[in-house]
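I am attaching a structure below and will ask some questions about it afterwards.
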Amino acid sequence: MVETTDEELNDLFRRLDQARFTEPLEDSCFYYGINSVYLRKVVSYWRNQFNWKKQVEVLNKFPHFKTKIDGINVHFLHVKPPHLPEGHSAKPLLMVHGWPGSFYEFYKVISLLTDPASHGLSDEHIFEVICPSIPGYGFSEAPHKQGFDSVCAASVFYKLMLRMGFHEFYAQGGDWGWLICTNLAQIAPNHVKGLHLNLVSVLNMRFTQLLSILLGRYFPGLFGFQEEDVRRMFPFLKKGLYKMLMESGYAHIQATKPDTVGCGLNDSPVGLAAYILEKFSTWTDPEYRKLEDGGLERKYTLDDLLTNVMIYWVSGCMVSAMRFYKENMGKGIGTQKHDKLPVRVPTGVASFPNEIMHTPRSWAQKKYTNIITFNLMPQGGHFAAFEEPELVAADIQQFVGKVEREECWRKMRK
């Protein structure tokens, strides 16, 4: 259960009241990062209208638990279906968030997955959702020793699922959740029935992939590209390399000296909000950089955005959350043992058009050798479950349906 105190709120209000703002450059919109004219409006709303106690009640609509695994107190949601039709059993689904998100990203999609019929969806597949906070994020304890990376997180979540009695389950993730769930499928392929991802990244580029960057625009069929792949990827200098350079500055900081900037963010709620909200703008739609308000309220409410910020603020977790980049990238990208191992469990990919980097199916299947669904989604960006819960829920349902049918077919043939 999430709790709050008047002391916690009074401290927040004092800091908000003492915030210092820097005037933005003329017509800079979100090109220099968050626009402080809009940030003032957010802080005013936060101070005068946002009701954290009410949002705590929203957070507590799902049951919260903690358990100690490998010496770390792990926070997680465990949401069971409110009712199961006769003859149905709930399918366990582990859902893992990333940065700068939290377990709260999944609140809308959890309801669609655990109680689909009440939302006008098919109840053929009903899920029991387990949604943990990555150690160092939200209400999970932060690791105390160096080296806690995605493989360690995957191991912790594997033990969590076994402890809860789930010996076969599905796993879903984007952002760091993509890597943690991928590692989990590598660690426990006989326990992960299916892996669903809304982000796929290939860290080891082969010669054919490099060649496809040069020639794929002109000979898409040769490299297995669809028309939509070409639209999302090319010209590669602009939509690939330049876009990545423009959007990866934060990762360089967090993969090298996370504690330095993290100390400032952990001490200033306004700085924390600026840092997080800028990502929710640009990673939802890069075109939002052209808007003075960053388009933040086009897909989200301020209550939802500030609830996510508050999870970072009240837990004081920003430094430990940022350290996860150093633990995963500090030894080099694509150099770890798991980077070189294939994933053989059934995999489903929901590829959203505004994701930071597009990975075509022909690239993904070099790593994920058993892709059974790969859907190019019509809209949406990096925070897919938060932004487009209906699309994500429908894609998970479709993927799981296909896995279950294929499993049933295999059993019949035996």
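In case you wondered, yes, glycine gets a Cβ from its N, Cα and C as well.
Quick paste from TrEMBL:
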type	residues	note
ACT_SITE	Asp175	active site, nucleophile
ACT_SITE	Tyr325	active site, proton donor
ACT_SITE	His382	active site, proton acceptor
DOMAIN	2-106	domain 'Epoxide hydrolase N-terminal'
Restricting to the same chain and to sequence separations of six or more, state which residues have a Cβ under 8 Å from that of the residue listed as 'active site, proton donor'.
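Long-range Cβ contacts: Trp99, Ala251, Gln254, Ala255, Pro258.
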If I take the alpha carbons of the residue listed as 'active site, nucleophile' and His382 (active site, proton acceptor), what is the distance between them in whole Å?
8
Counting only residues 6+ apart in the same chain, whose Cβ is under 8 Å from the Cβ of His382 (active site, proton acceptor)?
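In sequence order, Gly174, Asp175, Leu199, Lys279, Trp283, Thr284, Phe352, Asn354, Glu355, Ile356 meet the Cβ cut-off.
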What does the DSSP secondary structure composition of the domain 'Epoxide hydrolase N-terminal' (2-106) look like, as residue counts for helix, strand and coil?
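Going through the domain 'Epoxide hydrolase N-terminal' (2-106) residue by residue, I get 37 helix, 20 strand, 48 coil.
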For Asp175 (active site, nucleophile), list the number of other Cβ atoms lying within 10 Å of its Cβ atom.
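Total other Cβ atoms inside 10 Å, all chains included: 22.
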